[in-house]
Amino acid sequence: MRVMVLLILGLLLAVAVALFMGKLISKVKLPAILGWLIAGMILGPHAVGLVNETTLNAEWYKTIVNILECAVGLLIGTELVWNKIKKSGKQLIITTLTQSLGTFFVVSVVFAIVFYFTGIPLYLALIFGGIALATAPAPALSVVREFKTDGPVTRTLIPMAALDDMVGVVVFFSTISIISAKISEQKLPIYMILLIVLLPIIIGIGTGLLAGFLLKKENTPQKTIVLLITIILISSGVGFIFDKIILPEPVLNFMLIGMAFSATFANMISKNRLEEIMSAFNPILDISMIVVILNLGTPLDYHLILGAGLFTAIYIISRAVGKYSGAFFGAAITRSPQVVKKYLGLTLLPHSGVSLVFTGIAVSVLKGPAPECAKIIQGTIAAAAVINEVIAVIVAKKAFEWAGEFHNKYDIELCESN
């Protein structure tokens, strides 16, 4: 019990340090998230060890992070109001597919060429492609939140984050299931792919309907917060039952549960009521965002920057080319605004959380039949996660700045109130 108390105190201290680092980084006009990520790396098990392996592997810690991921999902879900996105629905779907599948194609082809000449099995190129296409939504969204961005790029990115998550899961698990069936006894049933995508959405819609009925009525901010937290806990609780008890291994995306849950209730209540709810929930959302980003940073080993090799450089560059060119092409064929064509791809570079989860699954499949391939993936992606995340956050911030979307949300709200 005493050990657990010390671990919890260590986590609380880490959150306080991350908050301080974020404010410090903001002073030099960089996104606060960069401070949170760096704090995670410094305080994680590979450096100071304030948040050590014992904490990261503890069930209570994973539970807290999953609940807060569900809460962060509200940042995306509450923007998925049908009246706001119905005009751009076709553009969103096409651009999501071109940037995600484009990344899969570019990374897979580049690594296939490299592996052909180095004698490494070509199927590994497809696994790299499957890991590369996913985007971690939290880093870019934290920039949106911090700098109050609004405009064509922001309005495309937020709903795209939800769609991109689903496409990433389908492509990665389809790829890994086909490869595992060929080389390993550890086979992933086809129905699991659909389950991994659809189950979080079904859970979220179910609890979102309940939230819609309960949150419609005007309430004090205190009662609203209590109701919202209760339903987030119910949503997460249902997710835990499936993730820990029913499914063969924990694979549910809790942020996707939060997205589906909040998108459902956001479409059931008035715009003014939704603004009241999110205004009351903002302080909790801020803390949730810090912990989720801190959690992305803690597993990252900064020593890997020094040991990063050719495969890491190829991975980072080919993924960036795939994301940018795919987003540019999708925006061009759907006749999206010029700023979306030029800058959307730059906001899609953050990657670490999703990449590390997918890497862990790929390594577990490969370590028996192909241990050398497992080492190549683990070393390459771990190093890329550290380097890419720092660069990607800065680039995402500059993309919103170049698109002219800084502080627009505040200005628009002022205009509407007048």
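Even glycines carry a Cβ here, placed using N, Cα and C.
If you look up TrEMBL, you'll see 6-25 (among others) marked as transmembrane segment. Outside the transmembrane segment (6-25), and at least 6 residues removed from its termini, the chain residues within Cβ reach (under 8 Å) are 31-36, 38-40, 43, 50-52, 54-55, 58, 61, 287, 290-291, 293-294.
Under the heading domain 'Cation/H+ exchanger transmembrane', TrEMBL lists 17-387.
The list of residues near the transmembrane segment (32-51) in space but at least 6 beyond its ends in sequence, with Cβ under 8 angstroms from a Cβ of it, reads 10-11, 13-14, 17-26, 139, 142-143, 146, 290, 293-303, 386, 389-390, 393-394. What TrEMBL records for 32-51 (among others) is transmembrane segment.
According to TrEMBL, the transmembrane segment annotation covers 63-82 (among others).
Annotated transmembrane segment per TrEMBL: 94-117 (among others), in sequence order.
A Cβ distance under 8 Å defines the sequence-distant neighbours of the transmembrane segment (123-144), meaning residues of its chain 6+ beyond its ends; these are 31-33, 36-37, 72, 75-76, 100-101, 103-112, 114-115, 154, 157-158, 161-162, 164-165, 167-169, 171-172, 175-176, 179, 182-183, 255, 289, 292-293, 296, 315, 318-319, 322-323, 347-355, 358-359, 362, 366, 373, 376-377, 380-381, 389, 392-393, 396-397, 400. What TrEMBL lists as transmembrane segment is 123-144 (among others).
TrEMBL lists 156-179 (among others) with the feature transmembrane segment.
Annotation comment: TrEMBL describes 191-213 (among others) as transmembrane segment.
For 252-270 (among others), the entry in TrEMBL reads transmembrane segment. Sequence-remote contacts of a segment are chain residues at least 6 beyond its ends whose Cβ falls under 8 Å from one of its Cβ atoms, and for the transmembrane segment (252-270) they are 66-67, 69-74, 76-82, 137-138, 161-162, 165-166, 169, 196, 199-205, 207-209, 211-213, 215-216, 231-232, 235-236, 239, 242-243, 277.
Here TrEMBL flags 277-296 (among others) as transmembrane segment.
What TrEMBL lists as transmembrane segment is 302-322 (among others).
Residues annotated as transmembrane segment in TrEMBL: 343-364 (among others).
With a cut-off of 8 Å between Cβ atoms, the residues of this chain six or more beyond the transmembrane segment (376-396) that come close are 30-31, 33-34, 37-38, 41, 120, 124, 127-128, 131, 139-140, 143, 296-297, 300-302, 304-305, 307-309, 311-312, 315-316, 319, 346-347, 349-352, 355-356, 359, 362-363, 366. Under the heading transmembrane segment, TrEMBL lists 376-396 (among others).
Scored on C-beta pairs under 8 angstroms, the neighbour of the transmembrane segment (94-117) with the top count among 156-179, 191-213, 277-296, 302-322 is 302-322. Only residues 6 or more beyond the boundaries of the transmembrane segment (156-179), in the same chain, are considered here, and those with a CB under 8 A from a CB of the stretch are 75-77, 79-80, 85, 88, 91-93, 95-97, 99-101, 104, 123, 126-127, 129-131, 133-135, 137, 140-141, 144, 187-190, 192-193, 196-197, 253, 255-256, 259, 263, 331, 336, 340, 344, 347-348, 354, 358, 361-362, 365. Sequence-remote contacts of a segment are chain residues at least 6 beyond its ends whose Cβ falls under 8 Å from one of its Cβ atoms, and for the transmembrane segment (277-296) they are 14-15, 18-19, 22, 33, 36-37, 39-40, 43, 51, 64-65, 68-69, 71-72, 74-75, 78, 136, 138-139, 141-142, 145, 215, 221, 224-225, 228-229, 269, 352-353, 389.
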